[in-house]
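Undergrad: First the structure, then my questions, so here it is.
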Amino acid sequence: MGQTVTTPLSLTLDHWKDVERTAHNQSVEIRKRRWVTLCSAEWPTFNVGWPRDGTFNPDIITQVKIKVFSSGPHGHPDQVPYIVTWEALAADPPPWVKPFVHPKPPPLLLPPSAPSLPPEPPFPTPPQSSLYPALTSPLNTKPRPQVLPDSGGPLIDLLTEDPPPYRDPGPSSSDGNGGSGEVAPTEGAPDSSPMVSRLRGRREPPVADSTTSQAFPLRQGGNGQFQYWPFSSSDLYNWKNNNPSFSEDPAKLTALIESVLLTHQPTWDDCQQLLGTLLTGEEKQRVLLEARKAVRGEDGRPTQLPNDINDAFPLERPDWDYNTQRGRNHLVHYRQLLLAGLQNAGRSPTNLAKVKGITQGPNESPSAFLERLKEAYRRYTPYDPEDPGQETNVAMSFIWQSAPDIGRKLERLEDLKSKTLGDLVREAEKIFNKRETPEEREERIRRETEEKEERRRAEDEQREKERDRRRHREMSKLLATVISGQRQDRQGGERRRPQLDHDQCAYCKEKGHWARDCPKKPRGPRGPRPQASLLTLDDQGGQGQEPPPEPRITLKVGGQPVTFLVDTGAQHSVLTQNPGPLSDKSAWVQGATGGKRYRWTTDRRVHLATGKVTHSFLHVPDCPYPLLGRHLLTKLKAQIHFEGSGAQVVGPMGQPLQVLTLNIEDEYRLHETSKGPDVPLGSTWLSDFPQAWAETGGMGLAFRQAPLIISLKATSTPVSIKQYPMSQEARLGIKPHIQRLLDQGILVPCQSPWNTPLLPVKKPGTNDYRPVQDLREVNKRVEDIHPTVPNPYNLLSGLPPSHQWYTVLDLKDAFFCLRLHPTSQSLFAFEWKDPEMGISGQLTWTRLPQGFKNSPTLFDEALHRDLADFRIQHPDLILLQYVDDLLLAATSELDCQQGTRALLQTLGDLGYRASAKKAQICQKQVKYLGYLLKEGQRWLTEARKETVMGQPTPKTPRQLREFLGTAGLCRLWIPGFAEMAAPLYPLTKTGTLFKWGPDQQKAYQEIKQALLTAPALGLPDLTKPFELFVDEKQGYAKGVLTQKLGPWRRPVAYLSKKLDPVAAGWPPCLRMVAAIAVLTKDVGKLTMGQPLVILAPHAVEALVKQPPDRWLSNARMTHYQALLLDTDRVQFGPIVALNPATLLPLPEEGLQHDCLDILAEAHGTRPDLTDQPLPDADHTWYTDGSSFLQEGQRRAGAAVTTETEVIWAKALPAGTSAQRAELIALTQALKMAAGKKLNVYTDSRYAFATAHIHGEIYRRRGLLTSEGKEIKNKDEILALLKALFLPKRLSIIHCPGHQKGNHAEARGNRMADQAAREVATRETPETSTLLIENSAPYTREHFHYTVTDIKDLTKLGATYDDAKKCWVYQGKPVMPDQFTFELLDFLHQLTHLSFSKTKALLERSYSPSYMLNRDRTLKDITETCKACAQVNASKSAVKQGTRVRGHRPGTHWEIDFTEVKPGLYGYKYLLVFVDTFSGWVEAFPTKKETAKVVTKKLLEEIFPRFGMPQVLGTDNGPAFVSKVSQTVADLLGVDWKLHCAYRPQSSGQVERMNRTIKETLTKLTLATGSRDWVLLLPLALYRARNTPGPHGLTPYEILYGAPPPLVNFPDPDMAKVTHNPSLQAHLQALYLVQHEVWRPLAAAYQEQLDRPVVPHPFRVGDTVWVRRHQTKNLEPRWKGPYTVLLTTPTALKVDGIAAWIHAAHVKAADTRIEPPAESTWRVQRSQNPLKIRLTRGTS
């Protein structure tokens, strides 16, 4: 009890040295990690019974060995060493294995005797319990002697025995009574445990007629006393390993423990051992806590008394004697409480999603599925599935979660509500048993396929016959045309034969005989007439000849395929169809029939075989065929060959031209020249290494790599995205790939909650498709791992220049070499249907899929691990790996060939496959990662250059980003790339206006030109030091990294980068320090920490060692010193002068300068500015600024004083900071001392530093912070810097603030501080910010009165004041009309208040001037404000109109859809028909809101009952405006009227009926308690049809001429009144009554129509605003203005909006508002000669 369990796997790991010795004896090698993986993960999946902990059973080992040694693709040759070693350990076991080897039957042994306890007098049997059986009375038999096994060995076979609990062996029987003598073996078998009995049954011959008994830890012995038999270790081991954990399946483990408690009667210690073995520590504590909660007190309720709880369920070992009645009672009670604790602790939190996730399996019976469903209810919900109240929920779950075919049929059962759960199970069983077998399904699919093929074959034959018949008919017509043409040529025209004389022969043209007597005419039978040749060149110009085959080619222009005729005689290419917008350029085209002017198209993007280009075509509609001219043929690099089969147009390399589309970053591959390898792979390399090539070795499998387990994020849930629609061409294109992957086992069928769509991608240049899975949603839910894929930027740094023989290998289908663990395969499922293969469901990958975000990293790491031994074994070779691209470099050709052979052998042995087509073996020049490697240097390939050069001028930010991204890949070859591209980068920012100007075009051309002249760069040699030449210009760092090659310096990389805003504002010497630091950090990626010598035209080392603290912050200073003063890695060379073009040193020396001196001179703004007092100063002033809080408001003031008096003081606006006030005071002092010598004292460090140091720094960096934002107090700083130059001589001195001395400095500072506080407290601060350089405000001298102003003033009675030089009215100067307009317009722009509110504000406020024409000007401003017109609401002045109604029932209907929630049985909508004459309503519940539903109900419900309607009125819903509905209406002659959009009053009758029906349904559901609104709909319709209308009549009375049947229902016995005269009279009077009702109603409706309606005031040509019905955040309420084109009394149509607009949704626009831009109309021709195209443009 409590001992550690030993398994075969752990046993082998503990004796691993012996295992390796056994493997060595078998001549194999094994690895410990691989040993564990195969035993615990791989071999259990063979389904031969191999346990995860291993076994030494020879039968199971043999089964696994058969699987491993299986021939073909299903074998596992890599696992042979391991299974052979397992077999050797089992066949010849070492001493530590022997106890675990499957035993042979031992000789007969007597069973051991059980220890007995001292006898006690018999005791009464405890009362029987429903949980535990009664103990049987002891048998009076003598126990047989028992031979105990060796204590050193295991008691039982831990691996071959079945786990308890055991089946009850049944009641024991005995033929004789016990005695004191020796008892025969057949009568006195002792009590033993079931395990011992089972072992004895296996290892001993069975004992005949032996007495059987129950073996428990507590059992009653032969002497009446209880004996204790502890649990065996094998019981506990088997219970734990053959049952799920408590957290996984608490019900199953609880049932196991319940059976153990029931049958074994364990003691308190046994219970603790059982719980400790089967439960975790946390689970055990939870069970014990729940059990203690279940302890009940004397009242039968759970108690909280600790004494009672500890007595009933102690946590420490109690003193319970199981040989006493009391002790056994305690144990029984303890077990009951323990079982209750297990049940309560096993209850999971309520999780209905878990219940919903239980679905029926493909081959699972309905009854088994129902049991699983009920178990889920018990486990994850607090409901009991057996409770009758929960039967409905369980039944619904059973229906919805059954198999799709069973669920659909169960949903269609009649009277589904009355079905019980048992009825549903029986129906499901019937459906399940009637399913077709797999053989029947295959037979059905085969039969359907054959029928489909037969129909297709018949259709093809019919089409072929029709095509032949049509071809023969056309050929006959053609022959007739040819022959008739030839006859006409012979009979007339210039070719008519001369007229014969009367005696002239028509055959030989001689006279004297006729043709029938001509001796020269051949005699004999007439031969067959030769067929007319239509395609010969010697046909003498006969009519009707078919032209020779014309070379054609299909290109994609503007995204559409266009078939061109190749015409080398055409200079330009021609389009005949309408190409869209045309440019303003035109050209004169000279053709065979004359000349004509045609226009050019705008630039179109054309997909060529050489890439995407933009091209402008001539639009010639008269041309019979689109022409491919010489200009585009030149871009295409086309070649035309004339052969016997006709003309062929091919590309530059002889390949057929096709439509091509690809990513822009891969475009360089289009220009690559496909050169075959120098070494013939087919002869030697392919045959020597067949397993290393994909062409000969098949699909690879990295068998050394364990299956990959993909980890999900903690909050991830399965995502299911349906498959996108796929064309037939694409489906047929990817079908062979799917079939191939299925045959190879890479794809397998599955059922998964995950699903992502499959995308067919067409391969460039071919018609082949390849399947690509969209795994973006899966990638979002998978855990991110750190990417370890090498950086291509510095990957080649590990390739020394001495290795100049290269081999490049590209692994094919690399990701498919790694296996996926079965638990992770379901993540990558997708849909696939193929009736021919019998597949209709999901497929998933068993290998690592492409498109998965972690695939490159996982494969790169796996390949690195597998190739680690190769790198160790070949230290002289350089092997670089970038995912699946390998580069092997050697110093000689022989080493390269030997290394390549070893690498191919290694790859083949490891299970990887290389592509022979892409292999470059043992060459001195190879292409790797888009670069050309040759002689220790790397070049830009011509393909990459042509890619950049072939890109058109960018027109959008996206195109510019594409260009910069493509060119940026080549920036190492372009000196100063960052400086060249500087004008381009601002245009790529979001929200920036894309304006391509001369600067951008110049930068664009410079980058292309630099790319054409790109030099070769040497590969970094890590054995040599590096030299970095750095220069800086206008905030851009430029440098070149070089290495010595003999006497020369060979460039390794060109570097350039833009400095940050702070560094860009420094003096030149400090900018050089920043440039060196930036480039040194970038260079570290290439130098790999090797020594670096920095050469620059500045003494940088001295600046770094003693940096000026005025310019650099401490953090930046520390960073620069740590980076540049690392003497072990970075050294500074002598100062050199650099060539601006090459960045290399010039032969002559540059100008010498001292950087420290220059910095000292450049730190200030004014050179003579000092901080020491001037002895001859004209003034000595003190400045101060004060900012403080007073009564919750921040007050501020500034002052300039002497020691005794205030020179200047002013209050500043509220909220002004103290720093700003100090700047203002200092600036004011400098301005007042213009042209004088000044000493000025300030106690502000901020103002003092700004004037002396920081102001100049801010100015140099553009007044920006380190984050690129604008600094605070920008205007005040600029004003201060400008004012520094006003005094003749200046000294700004800092003095401590708040001094208490009596010297002049302290007195002046106190005076300035006091003056600033007093002025801030005394004066009211201004409402606007003080501007240093503010223009003077308007005064009366600026008033200029116009002639109109003077006339208005004269009428007003104003007088002119000569003294004030202005007009005066009511004692106030009069403001001119123009000034009034400017002031009021500015005020309105700030507030956008209405006329009345603005006027009220002006009247309440005091104004020192009188505003001339204030009210008129203000009204004009408010009425013409465009923003107010677009936003302000407007009251509708349109009066309500009158609806048109029918003249009799059934002629005029209004229709509408309304949504009813919640939906029931799939019904979500209600289709409502209302007869406008009578108000009669018909309503139908529908599942969809479609035109098909409308027409179906109209034809099947309305037409048969009410006749064909004449008018239908609806809104503009999709179901009513669709072509289906309108076509049906046209065919039936129905006038379908569409009402105004967003105007429900137009359909007011049906809209009101919708509301009535919904309100009635709501009341009915509340009254009845039912949610079935479909069932309650007839009652709602009954109410609507019997509700009196406006004229006091109900729709029922109007329609049927009788009162509504509300109370007097007819007698059920209708036979009595069938022939009643009163009934007949009533029926006869019905016709008359209806007419008496209908005529007055029709007259009343007509009277409403005849009543005059006041129309809206809008007329054709007016300008109106249109209401925006769906506004977004901060979007104006009105749009426009628009021009009115058509009007009706209630609606109007405007220019630019297709639908009619109700007059209530528009408002007049003021004509003075800026009108919309004038439109110009352009007429264009179309393909149809009877149509023209009108295009409107803005002039």
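Glycine residues also receive a Cβ, built from the backbone N, Cα and C atoms like all the rest.
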Undergrad: For the Mg(2+) 2 site that Swiss-Prot describes with E1222, D1243, D1313, which of these is also annotated: D1184, D1275, D1349?
TA: D1184
Undergrad: Have a look through D784, D810, D813, D834 and flag the one Swiss-Prot assigns to the Mg(2+) 1 site that D884, D885 belong to.
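TA: Site partner of D884, D885 for Mg(2+) 1, according to Swiss-Prot: D810.
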Undergrad: Could you give me three numbers for the region 'Interaction with host PIAS4' (346-394), the DSSP helix, strand and coil residue counts?
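TA: Secondary-structure composition of the region 'Interaction with host PIAS4' (346-394): 27 helix, 0 strand, 22 coil.
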Undergrad: Within 10 Å of the Cβ of D567 (active site, protease), how many other Cβ atoms are there?
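TA: A count of 19.
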Undergrad: Using DSSP, break the region 'Interaction with host UBE2I' (431-436) down into helix, strand and coil residues and give each count.
TA: 3 helix, 0 strand, 3 coil
Undergrad: Check the motif 'PTAP/PSAP motif' (112-115) for me and report the mean pLDDT.
TA: 38
